[in-house]
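Visitor: Okay, so TrEMBL annotates it like this:
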- A:E487: active site, proton donor (ACT_SITE)
- A:W360, A:D361, A:K591, A:Q592: substrate binding site (BINDING)
- A:15-270: domain 'Glycoside hydrolase family 65 N-terminal' (DOMAIN)
- A:326-677: domain 'Glycoside hydrolase family 65 central catalytic' (DOMAIN)
- A:688-748: domain 'Glycoside hydrolase family 65 C-terminal' (DOMAIN)
- A:754-796: region 'Disordered' (REGION)
Protein chains: 2
Amino acid sequence: MTSEAFSIDPWGVVEHTLDLPGQAAAESVLTLSNGHIGMRGNLDEGEPHGMPGTYLNGVFELRPLPYAESGYGYPESGQSVINVTNGKIIRMLVDDEPFDVRYGQLRSHRRRLDFRDGLLRREAVWTSPAGRTVKVTSTRLVSLTQRAIAAIEYVVEAVDGPARLVLQSTLVANEQLPTAEADPRAAAMLEAPLVAEADIAVGTKAALVHSTRHSRLRVGAGMDHVIEAPEPYDVTAESSEDNARISVTLTLKPGERLRLVKFIAYGWSEVRSLPAVRDQVLAALTAARFTGWDGLVREQREYLAEFWEHSDIQVDGDVELQQAVRFALFHVLQASARSEERAIPAKGLTGTGYDGHSFWDTEAYVLPVLTYALPGAVNQALRWRHATLPSARERAAQLGLAGAVFPWRTIHGEECSSYWPAGTAAFHIGAGIAAAVVRYVRATGDREFDRTIGLELLVETARMWRSLGHHDPAGRFRIEGVTGPDEYSAIVDNNVFTNLMAQSNLRHAAEAATRYMQEATALGVDPEEAAAWRDAAAAMFIPYDERLGVHPQADGFTDHQFWDFAATPPENYPLLLHYPYFDLYRKQVVKQADLVLAMQVRGDAFTDEQKARNFAYYERITVRDSSLSACTQAVMAAEVGQLDLAYDYTAEAALMDLHDLGGNSREGLHVASLAGASIALVAGFGGLRDHDDALSFRPRLPSGLSRLAFALRVRDSLLTVEITHDTTTYEVRKGDPVPVVHDGERLLVEAGRPATRRTRRLEPVERCVQPPGREPTRRHTQGGHPPAAVDPLPAE
Amino acid sequence: MTSEAFSIDPWGVVEHTLDLPGQAAAESVLTLSNGHIGMRGNLDEGEPHGMPGTYLNGVFELRPLPYAESGYGYPESGQSVINVTNGKIIRMLVDDEPFDVRYGQLRSHRRRLDFRDGLLRREAVWTSPAGRTVKVTSTRLVSLTQRAIAAIEYVVEAVDGPARLVLQSTLVANEQLPTAEADPRAAAMLEAPLVAEADIAVGTKAALVHSTRHSRLRVGAGMDHVIEAPEPYDVTAESSEDNARISVTLTLKPGERLRLVKFIAYGWSEVRSLPAVRDQVLAALTAARFTGWDGLVREQREYLAEFWEHSDIQVDGDVELQQAVRFALFHVLQASARSEERAIPAKGLTGTGYDGHSFWDTEAYVLPVLTYALPGAVNQALRWRHATLPSARERAAQLGLAGAVFPWRTIHGEECSSYWPAGTAAFHIGAGIAAAVVRYVRATGDREFDRTIGLELLVETARMWRSLGHHDPAGRFRIEGVTGPDEYSAIVDNNVFTNLMAQSNLRHAAEAATRYMQEATALGVDPEEAAAWRDAAAAMFIPYDERLGVHPQADGFTDHQFWDFAATPPENYPLLLHYPYFDLYRKQVVKQADLVLAMQVRGDAFTDEQKARNFAYYERITVRDSSLSACTQAVMAAEVGQLDLAYDYTAEAALMDLHDLGGNSREGLHVASLAGASIALVAGFGGLRDHDDALSFRPRLPSGLSRLAFALRVRDSLLTVEITHDTTTYEVRKGDPVPVVHDGERLLVEAGRPATRRTRRLEPVERCVQPPGREPTRRHTQGGHPPAAVDPLPAE
């Protein structure tokens, strides 16, 4: 898929033609999801497809993890997201010819995903091989208000003569999937994971209930229909183990229309019985039918209107970036809105990449955005982590550690990483969870959460750090044998990011234990334990290379050999597919921001001069083979005054999937990179930092943007920030006064009394150098990006 | 198996009863092999068995290596030694009852493996369930002179009445094997790896030819028989795909004997045709039959008489140790005598442990012993390495390195290690090969080898080191991201052992390139390249911890947390089965001598004070979870004057398999540890070092030994060294004068003029401390080891 696949539109994504080789990536981009149900943007008729996909958050199958040479503590089984019963399919027969865009003539085909109403609209005019032309208009939604519900309005019109039509609206389980790819990042596909338990079909309604073979999860899918069509028409219902079908048969005269509304409901459970799951699905269907298509659409619009009011980011001067950041926010919302005590996977529910697993990305990239946009989703996501504490404690015990060790990758809470140097060893995930707790509590003031869920997460992660590290004879607290964010190093000593994050974790746990003494005591924390946390935090060893005046990413890093970038051809990126880990690990080459991320999240631990020197040093050796890197580099580039470079990185993070920059959007969207687009703008150009109680800003704009405005929820208030090259205006739209820091100046912003300050002008500094061929695309030198003609489908 | 299984006998191993649970270990101990054929000590009748085993050096099957998360450069398939056609089986029916020691009554059962004639004798008196008693005497050999041949003399006598007997002498392919164990060190068993190609049976002769399914190796096995029995008797021959059988039927009167001599021949080839392999086997059989049983036995005795003359180690004062060291030398001989351009596996041909792979053990432990005992075997073993250079060059290229990277584990030359941090990263194997080349050439003066095989091995390994390491800005040459011998650390920087071995490798390669300019030029070496090797060697970085006055095993090692030995219960050893690698790697705990091995093989790089301090430091944290450790600790304990501790370690190395100290002798013997017993005595108490042209000795004896004598082949001379507490005598038994260094004094020892010097008395020093529970068994405090009654079977 190229950047030409979609035209630029500030409030939507428009696809003008059907690019079959690019379909898999387009399906990811056009996914509808509410965080509970995910439906890839497959065509209504099911085929052709890149990869059919319907996912339910938390529904996975177990598979054995093989080891040619096993080792103690290696996870024995993995968890893979599965393609559940497909409820999206509406097939059509036109005069005995199946509607299939690969045959006959596709006269026009347009799709538009609209960020304001959350609808995926499609309009196709197709002439069958026999010469009959029909116009199909379908509109799909996955409800943000009714968690178990999706719906499709499918309208077909005869264009050039009477058309004899059969519509088959189906539920299909155990769809055949394309074979897996060799790329280790592609998910292991699982064949026929569902075992049939029940099927019913009556009237316009049908349902299938299955269980997963090994993980024993019960999954129900149901559908009901409203049909509007000229009489006479016939409706039949049938079902078998893996199929349920409602067929509508009729003949349309030219100009006549058949309108079918399909309500789809899903339910699943680890524990509930077959009748319970079946009835749960049928009940959801009844409610949806009661709400009706128009009602569902109206609820969707209202939900999204509120979301945009509280979360929109406006970018003036670059309409492509404007589109991209809204696309990003929309998908971050879709991944998390209704996940409700389930994980937010790295790909959301847009594909099977990474097996549907959640990583540290959630807490490190997604939750920082949601904290100020949809704090309830943060609460839910952290409750999910909290619910997995039994697994995490068990894992810690297995590893000989105290407290809790959260899994590097998981769906259900158990560690699913089979390569521990880049999995289990990345203990920093624990500190990321702790930091997300602290940020959420600061932003919301949710003391009840703080006292219960938050406290326990802080305590158990602090315990882990205290047992993982040790004091050396010089009294320094060291954390050894771990892997930081950069996966081109592994099993290192005193990774600066890890040690700084652990330091915060230990401090915050000690503070929380003081704040909630009674609750902490109930968790077994005594004053000695809390003191040990404070002491370890105070003594935390942060390596520094005096000769170079930079922080080594970990002990000895700056002594290592530099990667030979000159001898690395462009096609050898990403490096991990072309060079052995052994070679990557021992050299100075960085997959993704690590020390630079430490400077963002623990900026208080570095001087301005160190930040500038460190940033320049790591820019030279960072290849951005991870989509998690560009946004962080954007933030720190902005902080050290390299605004144009920050702008380039921002665009890269935002366009990761719209332009398929990683070449793997077909497996699902890069949700953390999408969240990163927002981080790049708000923390980069807005300069937002939340180390302290008051949010602080250091606004600065690159020359390519004329205005940046964004909204943040802070406690019960809504704060907006509007930045131009001249001024920055803080305004409280509703709620209590909000303290902010503008470029070091403390302000208390009250509702109705916007505060305007001068936006600081920065002296231009020399642009840092990246490895040859790995420079971000320059946004300025592309000739000003004339916005492509915006030609959306009309909103209804 | 306990130490009581075998009684003590200075020239053999005697088993007095049949301990069925201990059979698997006994089968390993009683293996007969010539380095080409290996036959575990299974009972003639095939069952019961611990693990049936017949191996041909180099015959393996391929199996896929699975990875849950794959990576660039991971080997896709492994090689596993297979149990080839079993030619050992002679079954017997006594009056319709199969001779099976599990039924009826086994009145006596004794076996003796004799180190002087290489025969495994067995004597059993058995009463069948029906009450008929027979006496079976069998003698087995695997010929050291006729490489393709094994033979069995099987004599059965009726004891208490007429016995109707059927003897079935068979060849069995694709024997059913016991199921694999969960222990990762146990070999992956392979089911039915042989595909039948031909079977013949005629007269007293039969043969089977098979090919391995995936590795496509053709394996032929044949047998012929000489029968001596009272007339009348009947002989039939039959064969099918996986079976060939010669049956002898007769009735023996009391006192009558049936004598069956079975000649067994093996042949295999990667390239030869079916008729060629079949005929090769039949030809070998014809030659063996021509030599006859008595001829084979005589040849065996002569071969071993010469071996012991050149290689025996005499230990006075500890008959158990005397037995153990001869057992060790005998098995080292068996593993290597006729391997002839094939690998010497870690388990020899005694079992399927480690999949039959060869590791660095060969060059680091086995060849140093063979160099002075059987130098021709060293030549052959290094020729095998040389023959694998194409694979090693390919591997280097895949890893982005110059020269050759030899595999961590292999049978055929390709890397078979699926866990690279403890496999491929152990680059020191290359330096070990280079060191073996240098030692062999020094000891033999084999210039032809030096100029061809040796030079190329030195050049290709030096090239690897030069490309693996780099100079830091201070000009130090660093080797990073590698794993040293100690497998409880991995992926470290500047492992001292590795860097010192690489330094020697680079120097010796540069010297060889100067010595053989013309040949080096043909290999592409120019003066600049050789200079770069010398420079890297001279600039080699060896980390040193000034605060502690010890060498860290690798950068930062001495800063790491100490393992909590106090909290480690005895049943949690070996640690790798009870703790994750992540925890082992990041702490100060050592599986096996690493820095201590560096002090043995590169003693010139350490002062005496450093040796003493380093030894004491690493003794505290070395758990000896590898059988490769005790012998090295013995050598260095002796060097630093801890003679009793050295004695304890020597006994541990020597008794590894006789006492099954590792609990895994059932999977095969620890050939390197057995070689290590010899190293412990010769390099430990003899103080032999071969850094320089003249062998140097620093003799010293522990109080438990009254005399130690050993023989060494040096060039074409035979040097003997006899050590008592008072004097040491060097004698050249034949050949040219041999220069030696006695305690710093240079001597030239001439034939017929023994040189006697005073054995230095050492001041007692404080015994070092080991981790609690990991002290070696004290040899002195066990009450003087009264030798058990020696009760061998009479030699014929």
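Cβ from N, Cα, C; glycine included.
Whatever TrEMBL says is automated annotation, not expert-curated.
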Visitor: Restricting to the record's substrate-binding residues (A:W360, A:D361, A:K591, A:Q592), give me the longest CA-CA distance in Å as a whole number.
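Guide: Pairwise Cα check on A:W360, A:D361, A:K591, A:Q592 gives a maximum of 16 Å.
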Visitor: List the other residues in this chain whose Cβ sits within 8 Å of the Cβ centroid of the substrate site residues A:W360, A:D361, A:K591, A:Q592, in sequence order.
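Guide: Checked against the 8 Å cutoff, the neighbours are A:F359, A:A364, A:P485, A:D486, A:E487, A:S626, A:L628, A:S629, A:A672.
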Visitor: At the Cα level, what's the spacing in Å between A:D361 (substrate binding site) and A:E487 (active site, proton donor), rounded?
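Guide: A:E487 (active site, proton donor) has its Cα 14 Å from the Cα of A:D361 (substrate binding site).
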Visitor: Going along the chain, which residues six or more apart from the residue listed as 'active site, proton donor' have their CB under 8 A from its CB?
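Guide: The residue listed as 'active site, proton donor' has long-range Cβ partners A:A422, A:L576, A:K591, A:Q592, A:S626.
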Visitor: Could you say which of the binding-site residues A:W360, A:D361, A:K591, A:Q592 has its Cβ with the most other Cβ atoms inside 10 Å?
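Guide: Result of the Cβ crowding comparison: A:D361.
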Visitor: For a three-state summary based on DSSP, what are the helix, strand and coil counts in the domain 'Glycoside hydrolase family 65 C-terminal' (A:688-748)?
Guide: 0 helix, 37 strand, 24 coil
